[in-house]
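The signal peptide annotation in TrEMBL covers 1-22. Feature annotation from TrEMBL assigns transmembrane segment to 110-133, 145-167, 173-197, 227-249, 335-352, 359-386, 398-419, 453-471, 483-506.
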Amino acid sequence: MEKWSLMTITVLLALTVRWAVSLGSYSGAGKPPMYGDYEAQRHWQEITYNLPIRQWYFNTSDNNLLYWGLDYPPLTAYHSFVCAYIAKLINPDWVALHTSRGYESQPHKLFMRTTVFVADLLVYIPAVILYCFSLKETSAKKKASTCALCILLYPGLILIDHGHFQYPLSLGLALWAVLCLSHDWDLLGSLAFCLALNYKQMELYHSLPFFCYLLGKCFKKGLKGKGLVLLAKLAGTVLLSFAACWLPFGTDVEQIMQVLRRLFPIDRGLFEACMFSSPTHCPDKVANIWCSLSVLIKIKNVISPRTQLKLSFAVTFLSLLPACIKLTVQPSLRGFKFALVSCALSFFLFSFQVHEKSILLVSVPVCLIINEIPFMATWFLLVSTFSLLPLLLKDGLLLAYAATTPAFLAVCLASFSILEKTSAEDLQLKAFSLSLKGYASWFKSFPRIARSLFLLSLSLMGVLSVLSAAVPPPQGLPDLFPVAVAVVSCLHFLLFLVYFNVVILWDSKNRGQKKMS
């Protein structure tokens with residue numbers, strides 16, 4: 001009972017923070033003609049409610065795809081329809097075809113914010129709570145509420161979902177999938193992940209770890225017996241899940257092809273993360289390798305779009321290959337969680353058409369291992385929030401950023417004493433340090449070096465945050481601070497990618513057999 005009381009307090013605190021952030025501004029507020037993601041979500045409700053399904057993804061006189069055309073999978077469209085149905089009952093003007101474009105009012109803002117709260121309460125928050133209670137170690141059980149508090153107070157997700165405006169459903173469904181796999185409910189886990197993927201195509205960032213982990217389990221059971229049966233059941237679950245989600249579009253091949261063209265618009269180029277570069281969005285300031293390199297080399301001018309696609313695919317594939325091979329050969333839940341982080345980070349850094357918000361696809365898996373490597377997890381989550389700063393400033397979320405980020409750091413310091421968890425063993429680098437016998441003396445000073453780098457990183461992010469918010473950039477360099485934030489964040493992410501891969505590849509076989517850490 002005491003554990004549930006602490007968890008109740010944790011959830012109430014998390015909801016209070018979300019409510020406080022939601023009182024502020026949102027993406028594109030009062031900024032015509034395109035407004036922002038808030039208007040995109042409202043517009044999708046307008047389209048799905050007023051038009052037949054066959055027109056949802058097609059450019060027509062009633063559905064101008066250049067104005068926030070639907071470019072997410074069917075489950076997003078169905079969710080928009082449900083929200084629109086409720087909105088119509090409250091105030092038909094909110095979803096009136098054509099005339100509701102750019103609609104802004106306090107009652108409508110309350111409604112839209114409430115829909116995000118409901119999604120959080122029904123999908124994301126329960127998954128976090130149950131995940132934290134499912135941790136096997138006794139010490140972790142005692143800290144279930146503490147672990148949940150750190151995850152639920154992660155500022156990046158709060159600021160994007162309840163500030164900028166976004167639904168946490170795909171990430172919540174992915175968490176449910178991880179939770180199911182942790183209990184060996186492989187079919188339910190596959191179903192949950194298929195639903196996540198059919199809500200947002202960016203869940204492809206997590207697809208290879210799910211595939212490799214489940215395939216590795218099949219191999220382990222033997223492909224001539226139980227393994228083959230499991231493989232057949234998994235394949236059937238995936239096929240049925242996709243068939244159910246795509247059923248309304250399955251009667252016409254052209255419908256399916258048009259949806260796919262909307263989901264994967266490769267002709268837009270390497271940097272075009274969204275259909276339209278609105279005043280609230282800077283697609284060229286993402287903290288990935290391509291945008292950072294473009295500071296020195298204008299890739300768009302040197303390499304053709306087709307070559308950009310091939311190069312991006314090759315680098316992404318090579319960077320995630322080691323973790324996927326290790327997970328397939330030695331499937332373990334611990335390895336699976338670390339592979340989710342590593343593969344998602346590879347996609348973010350090297351893949352095609354990355355949006356700055358996609359860092360959340362890395363951050364949520366990092367939250368799942370915050371009890372194992374609290375120091376590195378906290379550091380990464382702080383950097384990921386910092387990487388969103390240019391977007392948050394445009395949305396008027398500076399105050400929310402300045403309040404939630406230090407609060408999150410304080411909670412992690414109090415909960416995990418992260419500055420004391422910097423030894424090679426604490427950072428899961430013991431096996432790696434043993435393989436470098438000639439450098440053993442260097443690892444003795446590693447805790448001090450790690451703490452120093454962490455404090456230096458915090459100082460750099462703090463200075464850049466203040467400069468971005470308070471100091472006007474030089475006249476000839478209007479993007480100086482957004483570019484600096486992106487490059488600094490990218491350098492951090494590259495080092496984190498190396499770190500996570502080292503942990504994965506040097507993980508001992510016995511340690512990897514643990515069910516949950």
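Using N, Cα and C of the backbone, Cβ positions are placed for all residues, glycine too.
Given the structure is predicted, the values throughout are model-derived calculations rather than measurements.
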Stretch-level contact, the transmembrane segment (335-352) and the transmembrane segment (110-133), CB cutoff 8 A, at least 3 pairs: no
The transmembrane segment (145-167) touching the transmembrane segment (398-419) per 3+ Cβ pairs under 8 Å rule: yes
Annotated stretches the transmembrane segment (483-506) and the transmembrane segment (145-167) touching (3 or more Cβ pairs under 8 Å): no
Cβ pairs under 8 Å between the transmembrane segment (359-386) and the transmembrane segment (227-249), at least three: no
